[in-house]
Amino acid sequence: MYVYDEHDRQMAAERVEQFRDQTQRALAGELREDEFLPLRLQNGLYVQRLAPMLRIAVPYGMLRSTQLRRLARITRDYDKGYAHFTTRQNVQLNWPEIKDVPDILAELAEVEMHANQTSGNCIRNTTTDQFSGVQADEIADPRPYCEIIRQWSTFHPEFAFLPRKFKVAVNASEHTDRAAIQVHDIGLQMVRNDQGELGFRVHVGGGLGRTPMVGPVSREFLPELDLLTYLEAVLRVYNRYGRRDNKFKARIKILVKALTPEGFAAKVEDEWSHIKDSPTRLTPEAISQFQGYFTEPDYQPIPEVTETLAGQRFENREFDQWISHNVDTHKKPGYAIVSLTMKKTGTPPGDVSDRQLEQIADLADRYSFGEVRVTHQQNVVLADVRKDELFELWQAVTPMGFGTANLNTLTDVICCPGGDYCALANAKSIPVAESIQRQFDDMDYLYDIGNIDLNISGCMNACGHHHVGNIGVLGVDKKGQEFYQISLGGSSHHDAAIGKILGPSFARDDMPEVIQKIINVYVDNRTEEEPFLDTYRRIGIEPFKERVYA
Amino acid sequence: MPDLITSDGSIRHDEWVVVPRPADGESLDVPHQPALIPADLWLAGKEHFEDRDDIGVWLDSHEEPEILAGVANELPVIAVNFPKFSDGRGYSIARILRERLHYRHELRAVGDVLLDQLQFMKRCGFDTYVLRGDKDINKAARCLNFFTQGYQAATDTDVPLFRRRAS
């Protein structure tokens, strides 16, 4: 994992002092609210419905146990003893005091963390696949490139006041996309060209929100050394020509659409031709220096455990299900990737207490080289677990509430904080998630209906990624009443698609039953082994409509 | 024009005035003192100003700095207007003037120029700043230098941190 050097430490410290000064000037009335706004947003600080909210960056989802423990302490000392894992691999505190934020940032800087650019009209945290570096089928480890992008985008002097927020995601797996790159402002798919050289296929102009779009390809192959100059060209074109007159039309996807993807790509190529060979061009030495931070941990030869594991699975059905659902194949024989689910029914998806943060830290130290990854599905991954310790780990996590074997199933809901916390929300989302989780509490039934992405957002801003849920739920406000609109057929993976709206929205109390009807249509129509999305794609939306609105 | 801040944070007084764009049908009224006029109008009537060395231009945030290609260095001062501090186009304009058009003379930030953006402006090639009137000019020096270094190459440095680390 990346470790700060003296340069990073110095800039982090200067940033804290800068924000302390800005906060003092704001509290003293020297900065108007509208002037302080972008400054505090770019330090992660929102002012929310009930209290301020601080969004802390977890660059590409990686956290060390020491950082988890510091987060736990911060939630105790400055907040109400819990934090929230977001849908963009970040962590949020829901109840800090504005005056305390500089101190919180200083505490974070001590453990090489920050809240830089986690909000505001700037380049946000770069996200990637939570299985980076440990899965067998990746082109290369994307994390060094994520860190390169993080540093380039941090305090970039030209791009601190973009028309709107800007999100970059990187994916390196050939067959899966856990980073949802095609619904980002820039999605980078690592590829090799015919000569075997490493590079990226670049998607620009994807996104969710009011105008959901799958990002078209602006460049089929971008050599790795050209990564930053090309990003700079895209950002410059966006900064100059993106709309600033209407916040709902200000994302880059609108510009790409207005210029056509071809026209946009040509403009970027033209800009790029001027800066391609500028000093911003990466060097092989720089890339290998960054790669040096993401070397393999000290893997041990693990004794063959297939038989023992099989025995444990045979004797313990719940363990067996946990292995089937929450444990993934590791590139190293003898190791496994374990996802801890933060989706226990009755707890808002992604919420963790201070004690749980410390428990996760302890688990990381004991079972996974002291590191974890946060996922955009709001779960936590232990990426390097010895197979001969899986049973012990399972026994440890079950009482903690992280062992629910529902990864990627219907109850592994992606859900924004919604109207319970968020000032932007039109409707609550957490109670909807909970009522659906209760409706589908029979694990056998849940496994029978298979992997289904259920994504819930409390408003158009789509923090719950509802457009790309196989089943998407969007909270809407109708004359002061909360209603929920359903869309079907979305996907955030390689076959990215925006869901189609089913029809008129529903009251909250009806939601579990409506979802049940949708599942019933699937079960009645599926062929053997056919997942929900495939059935939907085969039979279309009509049969669902007929049943739900009958 | 109010006092001017320079990149090292010192404060200087000068006489340059920004001449607003005339309304449709009106003609440009150029005062007998150092004046910054709309860049396109200067281009259109360049020959009228050849006997004066105290005429510069200003660009608004939606304008293309490329219109000054080949002639930028005839100007002693180019100003870029920030209609609102949150309009970030001026940063790109400045870099293009410096790095693509190789403009060497004074590049001035005018308009809604506040303290907390000064260092970004400096990094993008501005070397003088007209702070909005209600802001404390004595705090400018500190704000211009909050950070002792940056990660990126920009107008101020050709050496991004990844190259400094490697050397």
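Quick reminder: no glycine exception, Cβ is built from N, Cα and C everywhere.
Remember, TrEMBL labels are computer predictions, not curated facts.
Annotated in TrEMBL:
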type   : residues  : note
DOMAIN : A:53-111  : domain 'Nitrite/Sulfite reductase ferredoxin-like'
DOMAIN : A:119-275 : domain 'Nitrite/sulphite reductase 4Fe-4S'
DOMAIN : A:346-397 : domain 'Nitrite/Sulfite reductase ferredoxin-like'
DOMAIN : A:409-548 : domain 'Nitrite/sulphite reductase 4Fe-4S'
Mind pulling out the one from A:53-111, A:119-275, A:409-548 with the most Cβ pairs under 8 angstroms to the domain 'Nitrite/Sulfite reductase ferredoxin-like' (A:346-397)?
-> A:53-111
Arithmetic mean of per-residue pLDDT over the domain 'Nitrite/sulphite reductase 4Fe-4S' (A:409-548) | 93
Residue distribution over DSSP helix, strand and coil in the domain 'Nitrite/Sulfite reductase ferredoxin-like' (A:346-397) = 25 helix, 14 strand, 13 coil
